[in-house]
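Lifted from TrEMBL, the feature list:
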SIGNAL    1-29  signal peptide
DOMAIN    92-127  domain 'EF-hand'
DOMAIN    131-166  domain 'EF-hand'
DOMAIN    227-262  domain 'EF-hand'
DOMAIN    282-307  domain 'EF-hand'
Amino acid sequence: MMSRQAFLCSLGSLYLSLLFIFLLMDVYARPANNSVLKEKAADSKDENEILPPDHLNGVKMEMDGHLNKEFHQEVFLGKDMEEFEEDSEPRRNRKKLMGIFSKVDINNDKKISAKEMQRWIMEKTDEHFQEAVEENKMHFRAVDPDGDGHVSWDEYKIKFLASKGFNEKEIAEKIKNNEELKIDEETQEVLDNLKDRWYQADSPPPDLLLGEQEFLAFLHPEHSRGMLRFMVREIVRDLDQDGDKKLTLSEFISLPVGTVENQQAQDIDDDWVKDRRKEFQEVIDANHDGIVTMEELEEYMDPMNEHNALNEARQMIAVADENQNHHLELEEILKYSEYFTGSKLMDYARNVHEEF
C-alpha cells in the first residue's frame, strides 16, 4: 500500500504536470487569439473608415432625429473634450477649465458675455468641421486606393461589403458582370440608404462619382447645405405620422425609446420626453405656432448658424448664472462644470481663489 507521503508526492507531481500542460496550451493559444482580435479590430477599423458616423460633433440633432446629449460639451470644449473624459483629477481639470475661461473672456473683464460665448461656440464648431475635413482625407484614400481622385458607387459598395465580411474579389467580379448578390435584408437596407445619400452628395452636374469634397458631404452632411436639407427630409420622413411634411409636438416626442421595464427606465423615458418637448417649444419652433417646418428644422440643425449660436450662448449662460447678471463668472462655471465639461469638480469654492 502506498504511504501517505508517497501519495502526496504523487499528487504534487501530477499537479505540476497538469499546470505545465495548461501553461503550454495557453502560450500556444495566445498568438491565435491575438490574431483573431487583430482581425476583428481591423474589420471594425475598415468599416468605421467608410461608414458615415452615427454621432455628429457640434450638431444639436443626430441624423436619426435624436438630440445630441453631448452638444453643450462639444461646443464648449472642442478638442479638449477627450481630455476631460480621460483625466478625472479635479485639480488638473479646474486648471484646464480656468484656461478655457480666459480664452473665452477676450476683453479680460473676468466674466463671459453672450457675445463672447457665441464667438467661442462658432470657433469650436469650426474646429469640429476642420477635424472632419482632416479625417475625410484619410477615409477617402481608403475607398480610392488607385488615387484617381474619385470613387464610383460600385467601388464604394465593394469596400462596404468587404468590411461586412464579404469576399472583396468575388463581390467585385459579380458587380462587374451584373450578377445577383446574395445579401441579407439588413445589409441591403443599409446599402439602399447609403445609396440615396451617395446620390445626394453627387454635386451637379451629376456624374455618379464622388470627389474628396463630395465624399466629405456624404460622411458629414451637416457641413453641406444640400446634404443638410436631405438629412432634414430624412428626419421629417421618419417622424411625420400624418404625411404633411411638418412636425407637431406629439410627433416630435414620439420616437420609440425602448420598453419601460421598471421605474428607473420610466424616469429615463420621462426625462427624454421632457428634453424634446423643451427643445421643440423653446428653440426649434421659431414662430411658436406649434408646428415645425422643414425650413425651421434646417435652420435649427445648421451648425454654422450665428443666430442659433447666440441663442445657445444665452441658454448656456442662463444655466449657471446664479447672480442673474447675464454673464458667467469663473466661480459659476466651476460650480456647474458637469454641464460644461461632463466632469464634476468637487470642492471648487475652497480651491478656486488659491488658483487665481
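Using N, Cα and C of the backbone, Cβ positions are placed for all residues, glycine too.
Unlike curated entries, TrEMBL annotations are predicted automatically.
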Take the domain 'EF-hand' (282-307) and average the pLDDT across it for me.
93
Take the domain 'EF-hand' (92-127) and find every residue of the same chain, 6 or more past its ends, with a Cβ under 8 Å from one of its Cβ atoms.
58, 74-80, 83-84, 303-304, 306, 309-310, 312-314, 316-317, 325-330, 333-334, 337, 340-341, 343, 345, 348, 351-352, 355
Run through the domain 'EF-hand' (131-166) and tell me, per DSSP, how many residues are helix, strand and coil.
24 helix, 2 strand, 10 coil
